[in-house]
Every structure is written in structure tokens, then in C-alpha cells.
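Visitor: Take a look at this one; I'll ask things after.
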Amino acid sequence: MKFGSFATFAADIEATDADLDVVALVAELFDAADSDLDVVARFVQGRVFPAHSETKLDIGPQLCYTALSRAAGRNVDADDIEARLAETGDIGAVAGSLDLGGQTGLAAFGGGDDHADGLTVSGVADELAALAAAAGDGSQSEKVTLLFGLFNQCTSREARYLARLVLGEMRIGVGEGAVRDAIAEAFDVPTAAVQRALQVSNDYGLVAETARDSGTDALDAMGLEVGRPVQAMLAQAGTVTDALDEWHEAAVETKFDGARVQVHYDGDDVVLYSRNMENVTGALPELVEFVENNVTAPVIIDGEAVAADEDGDPLPFQEILKRFRRKHDVAAMREEISVELHAFDCLHAPSADGGEDLLDAPFSDRHRRLRSVVDDASAVSEVLVTDDADEIAAFEATALEGGHEGIMLKNPAAPYTPGDRGKDWLKRKPDVETLDLVVTGAEWGEGRRASVLGTFLLSARDAAGDGFETIGKVATGLTDEELAALSDRLEPHVRSEDGQTVDIEPAVVLEVGYEEIQASPTYSSGYALRFPRFVSVREDKTPTTADTIERVERLAAQQQQ
């Protein structure tokens, strides 16, 4: 498929408001993609690589601006790109306004597509893969050169969507649900079969190709693969009354203040994945050793990595973040902060045939299998199954006395649904719920804080899942050291500045507390946080897993009850 054809479909989709029409257009795109279907299924969502892939593009805004300005000719520099971006707020619109192939500088907005259409979808994918592979001395220059080469071949429309793609901001209103429904519509397979295949594979391209080439039976035959991560099942806030009214009895567990970890062990290799499916094996060698010595393969285990002191008591969440994703000085940090595995679910376990998927088994059965594959019982969560609210309260009190965060309430009969934040897992905390929000802007501080960012604009994911809506600003709860560290963290993601105001690429997620959620016309979400306060940087989250407007609306509604 020509990249220009993909860009035309993207433009048509972007101009469409109705959800059903979007799905129909995406289905038409998939039907026309031919051998490029796997790539197109990712590109349309703004993804270059499969969600489970360890390959990352690692292109910041400044690198993109440099490549764009070089393709636009000697009369345009990166500052010109930033200035134009400050006016439009859309890197795609800026890229589309440049006369790239002609090397003649800034063109009028809405410029035509006069250049020869030579780019293909597969060619773009190959060049971006080469860009991602660039490493070591001179890699940044190599990335600029490769990206310049792509932009230099682009028409205006192609540049619009290529620029968005490389920065992960496709912004055409296509979320995961639309892609799922489009696969079903394009290849005449049940939506439920597509959903199930996506849950076990986490690969939209693979599922799309399987649906097209082999149909429903092949989708139904897809299963978990040890070594390939799946999305974690998630919990929503709830009460003991909610649980007992809905399920009649609840499985109660301690809620650990740690980082989610998914353990894959095939008998030879142990691989650990974060909640975002990032490989964190190298950062947690003691967990690897524990699994090798105490777990029967093949297995996929869901659990929590928890930092502990010398007595085995839990340390605050911030301590585990000092270990998570660490690539240097791992041995030294291990001496300072030890990490323990607290396993609470089993997705795949040994069987007579080699291995068995357990996603459809009830939680009570999965937990029983978990106990059978982990020799060290202390590493497996304690579960109380009861219909007695007083017993649950006593269990919660014990968990809190032990320094833990609270309790989890789970439906004993529920299957494991990857990526789903449903009503079968409820988290009960003694404190008001916090929100995990994306930093999309900031303001420079004043006085002694004039050299650092002092106020941060917060956004939640929109309903489509590929954009963000503002919900408030936070400046409370950060020390001078935290402000400096957060400013350094955000600096590579700055897109433009206008006086005290800074526009920031969505990249960093903050956990934010608040007193109340109020309706407000001040922010694009229609809501504002009353007395927001910084709690922590969510190192284990990305913008795609931050909280949604839907969750904000639900929490706001709960306040009124």
C-alpha cells in the first residue's frame, strides 16, 4: 500500500465524527491494506511497533523538529517549527504546511500534494525500524538523517500523518475498540472472537491477519504464549457492600503498595514485564532467582513486586521505583533495597499437554493452581473467601497494621479479562481515590523557583483513548528537589514555550490527590480538581494507561451519592 493511500484514509477518518462511520472507514482501510495489514493496523492507532514489542522509536519532539526543518530547506529551522506549533497545537498541521520535497521553506497552510508519491507503508515501517535500531555514538544524528529522508519524500498529507505517527499523536479518533470492530467488520468474523484473540496476543496486526487469512476458528485457537506479555486485568474502586451485593461472597486479598509485575517462565528463561509490558527482568535479579528456584514451568503469573526492609516489612511505593526499570548499578541498589514477589494470580500453568491457559477459569481455581506452582507459600497472596462484612473488616485492619495499602475484593467466580477494568476486581482503600493524570503543560515558577517548572497542567485520556482533556493544575505537594527532578524529566518533551507557559508532549504520568471533583467550564474536560496535590510520579504508567474521563465522571458521580 502506498503511504499516500494510508494518509488519505487517515484524513477521511479524521474528518468523520460518527463512531460507526469511523469503524466502516477503518474496515475499508484494512480491506485495502493487502500485505501491509499488520503494519496498517498499528499505524492507524499511532503505533509503530506491536504493544508487546521491546522495540521503541525513542524520538523526542526536538529531533522531529530538526528533521522537519532540514527537509523544509535552509530558510526553515527548528525554532520556526516550534513557533508554528505554538500557533496550531498540532505537529501534523505544521508538517503539512511545509513544502518538504521542494526544499523551498514554509508553504501556505493547506498546501497541496504536488510531490511524487513514492513512499509505501512497508517502506516507512522499515525506515522507522532502522531508526529505532540506531544506538551508540552518533545515533541521534543518524535518527535525524533517517527521519529527514522520509519527510523529504512526503506530500503535505503524508507529512501530516507521518509527523503525528513518529510522535505517537495520530489524533484521528481511532482507539482500540474501533480497530477491534473494524477487524470484525472487514473480515466478517465475530467481534467477540476478535476481542478474545486480542486479549491473549495483544497484537492487533497479528489478529487482523489471522481474521483475514484463516477466520473465526483460527482466532478461537489463539492462546497465551509464555514470553509474550498480555495486558493486566485492572480493578476499579468499590466498597464491601458493592462486592457482597453483586457476588454474595468475595475473595479478599491484601493490596500491596508495589509495582505490578507479570512473570513468564518456560523452564529455561524467566522474563518479567511491568504493567505496561516493558521488560524489567534485568532490574530485578532476585525475582528471577526466586522464580528459577521456586516455580514450576511453564507458567505466567500475575503479581506485585514489593520493596521490603531487613525485617520483611513493606517499604513505600517510591522505594520500588528506585529498582524498577533500573539498568545501571543494579547490584548496588539491590543491596540497598530488596524486592519480594507477591503473586496473586496464575494465567498459564503446567498440564499433561505441556501448558494450559487459565484465563477462563474462575479466580478461585486460578489461585488454587497458583499455590500448586509456587513452592514458597509466603510468596502467594493470602485469600479469604467470605460473605461476612465483619470478617472482611478484620482482614483489612490486619493488612493496614502490616503497613499495606488496603485490600482487594475479587469475584471468586470471575475469569481473568486482560486489559479490562471491570466490576469483578474492586480496590478498597481507606483514603479518597487518587487519579493518574498526564502532564500536558506547565508554567515556570516564581522567586526561588524561577528556574524550574512550578505548576503542571493535568489531563485525562478522552473517550476515544487517543487524546487528552485538561482537568486542572497542580503545584502543591512537591519539594524543591522533586520540582527540579520533574523539570528535568519533562525537558525533552517540551514542544513550545510562550512566556511563562510551556506546552508539553504527553509523556509523564502523575498520581494526584484531591478533595473533590467539580464541574467546571475552565478546563476542556468539563471538570476541575478541588485542592489537587502531588502524590508521586507514576513510573509504571504511560499516557495510554492514565485515567480516563470516564473514570473522572464515575468518581464525580460517586461523590454525589
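For all residues, glycine too, the Cβ spot is worked out from N, Cα and C.
If you look up Swiss-Prot, you'll see E253, R260, R275, E304, F344, R421, K427 marked as ATP binding site. For K255, the entry in Swiss-Prot reads active site, N6-AMP-lysine intermediate, with the evidence type sequence analysis.
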Visitor: Can you check which residues sit near E253 (ATP binding site), meaning Cβ under 8 Å from its Cβ, same chain, 6 or more apart in sequence, and list them in order?
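Guide: Correct list: F344, S381, E382, V383, L384, I407, M408, K410.
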Visitor: Express the distance between the Cα positions of R421 (ATP binding site) and K255 (active site, N6-AMP-lysine intermediate) as a whole number of Å.
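Guide: R421 (ATP binding site) and K255 (active site, N6-AMP-lysine intermediate) have their Cα atoms 16 Å apart.
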Visitor: I'd like the number of other C-beta atoms within 10 A of the C-beta of R275 (ATP binding site), please.
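Guide: That number is 20.
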Visitor: Which of the listed recorded positions (K255, K427) has the least company, meaning the fewest other Cβ atoms within 10 Å of its Cβ?
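Guide: K427, out of the recorded positions K255, K427, has the fewest neighbouring Cβ atoms within 10 Å.
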Visitor: Name the secondary structure element type, per DSSP in three states, that contains R260 (ATP binding site).
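Guide: Where R260 (ATP binding site) sits, the three-state DSSP reduction gives strand.
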Visitor: Provide, as an integer number of angstrom, the distance between the C-alpha atoms of K255 (active site, N6-AMP-lysine intermediate) and K427 (ATP binding site).
Guide: 8
Visitor: Count the other Cβ atoms sitting within 10 Å of the Cβ of F344 (ATP binding site), across every protein chain shown.
Guide: 23
Visitor: Near R260 (ATP binding site), which residues of its own chain have a C-beta under 8 A away, given they sit six or more steps off in sequence?
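Guide: Counting only residues 6 or more apart in sequence, the Cβ neighbours of R260 (ATP binding site) under 8 Å are A232, S274, R275, D302, G303, E304, A305, D540.
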Visitor: When you measure from the Cβ of R421 (ATP binding site), how many other Cβ atoms are you left with inside 10 Å?
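Guide: The answer is 16.
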